[in-house]
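Chemist: So that we are looking at the same thing, I have put the structure below in structure tokens.
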């Protein structure tokens, strides 16, 4: 903050000395005084909010998202200003609770601020010990770690090389020392991975052991922001809902939801960490030409392209089952191009959509073969998904919703199409 004030003062003095108009001078100098994350700075804190926007904090400023200029933090979190003598934050994280009431916590010295929907909650700020007993003051970084990724629903608080693991349920703390990990000035959970930021670099670590695997540190400007002369090709422009076109959509048995389009895929269930596109070969390296249809069954992911089926075990990393790919006829008793497939929850039947036909295959049978060949009220479906809400059939930027496969088969006319929305696929309304 002090450096920005000096920069602004010097700019104003020089500009006014050279006769620039006062209004223009102030505008130019304010822009010049803004911190530039592409210059290679160290962040004070990083946290997503309840809508999936990721905020990067530095001094009294922040950046919303992965590109764009710095803005004053109090434009988004109004109490983060000089009235409360904050000016910066030591650490921040987003936490979910059982009621899905999402909080953003900010830490400064020995105080904690709790925000809901960008509004400071009543009774805050508090002493850190009131909300997080056993957690020290003057923190360096913090990040939430849900059960399954950590041993229990937890928050990792960093101070120097010490990591204070706070159990949200029992409100107890265990402290570990990870001297092999750089001192984190901010931390972020992103797409189920954990990142320690230090300087203008980051290091990915295991949240249980602190273990670092791979070539780290890496420059954050290549991955977490858009900067000239930096980047690794991972940029993703969220499409407009009116222009979206998908090839397949599916949710695996672990609850991971995927949208496939061309040679890329997007995780939909992690949209609160932002939507990000990756090459299909990143997770399914043998599927090099995109997909026609995808469905999940019995802890496996079935991926169809042309007349072949690739089956992957659903685990931490998808692994192609030995002997695959096989032909559609060998695996499902199906011939010809497949438009889409779907399996409804807690059932053992896959429905294969081909033109104006819907063919059902019993996945428990050996060998598998078509059990029923049912008519469809329309053709050329792009993708299909069955969930507890019903069956979504996607066609261009519209979708059709049916309660059950039988109602779909009995329909003689297509219902009125509904436009794809942000709530459904994460696109821009």
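Cβ atoms are placed via backbone N, Cα and C, with glycine included.
The following feature annotations were taken from TrEMBL:
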SIGNAL    1-19  signal peptide
DISULFID  38-227  disulfide bond
REPEAT    40-80  repeat 'Hemopexin'
REPEAT    86-135  repeat 'Hemopexin'
DISULFID  145-150  disulfide bond
REPEAT    181-227  repeat 'Hemopexin'
DISULFID  184-196  disulfide bond
BINDING   232, 276  heme binding site
REPEAT    288-335  repeat 'Hemopexin'
DISULFID  344-386  disulfide bond
REPEAT    378-427  repeat 'Hemopexin'
Chemist: For residue 386 (disulfide bond) and residue 184 (disulfide bond), what Cα-Cα distance in Å is obtained after rounding to a whole number?
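Modeler: For residue 386 (disulfide bond) versus residue 184 (disulfide bond), the Cα atoms are 43 Å apart.
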Chemist: Is the count of Cβ pairs under 8 Å between the repeat 'Hemopexin' (86-135) and the repeat 'Hemopexin' (288-335), pairs 6 or more apart in sequence, 3 or more?
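Modeler: Counting Cβ pairs under 8 Å (6 or more apart in sequence), the repeat 'Hemopexin' (86-135) does not reach the repeat 'Hemopexin' (288-335), since there are fewer than 3.
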Chemist: Ranked by the number of other Cβ atoms within 10 Å of their own Cβ, which of the recorded positions 38, 276 ranks first?
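Modeler: Compared across 38, 276, the most Cβ atoms within 10 Å surround 276.
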Chemist: Measure from the Cα of residue 145 (disulfide bond) to the Cα of every one of the recorded positions 38, 227, 276, 344, then give the nearest.
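Modeler: Nearest in space to residue 145 (disulfide bond), counting only the recorded positions, is 276.
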Chemist: Sorry to bug you, but what's the C-alpha spacing from residue 344 (disulfide bond) to residue 38 (disulfide bond), rounded to the closest Å?
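Modeler: Given the Cα positions, residue 38 (disulfide bond) is 47 Å from residue 344 (disulfide bond).
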Chemist: What average pLDDT is reported by the model for the repeat 'Hemopexin' (288-335)?
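Modeler: Averaging the confidence scores along the repeat 'Hemopexin' (288-335) gives 93.
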Chemist: Compare the Cα of residue 196 (disulfide bond) against each of the recorded positions 150, 227, 276 and report the nearest.
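Modeler: Sorting the recorded positions by distance from residue 196 (disulfide bond), the top entry is 150.
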Chemist: For each of 150, 184, 227, 386, count the other CB atoms within 10 A of its CB; which of these disulfide-bonded residues has the top count?
Modeler: 184
Chemist: Sequence gap of 6 or more, C-beta under 8 Å: which same-chain residues meet both conditions with respect to residue 344 (disulfide bond)?
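Modeler: Result: 386, 387, 391, 405.
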Chemist: Among 145, 196, all listed as disulfide-bonded residues, which has the most CB atoms within 10 Å of its CB?
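Modeler: Result of the Cβ crowding comparison: 196.
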Chemist: Rounded to the nearest Å, what's the C-alpha distance separating residue 227 (disulfide bond) and residue 184 (disulfide bond)? Just drop the number here, would you?
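Modeler: Rounded to the nearest whole number, the Cα-Cα distance is 22 Å.
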Chemist: Rounded to the nearest Å, what's the C-alpha distance separating residue 184 (disulfide bond) and residue 276 (heme binding site)? Just drop the number here, would you?
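Modeler: One finds 24 Å between the Cα atoms of these residues.
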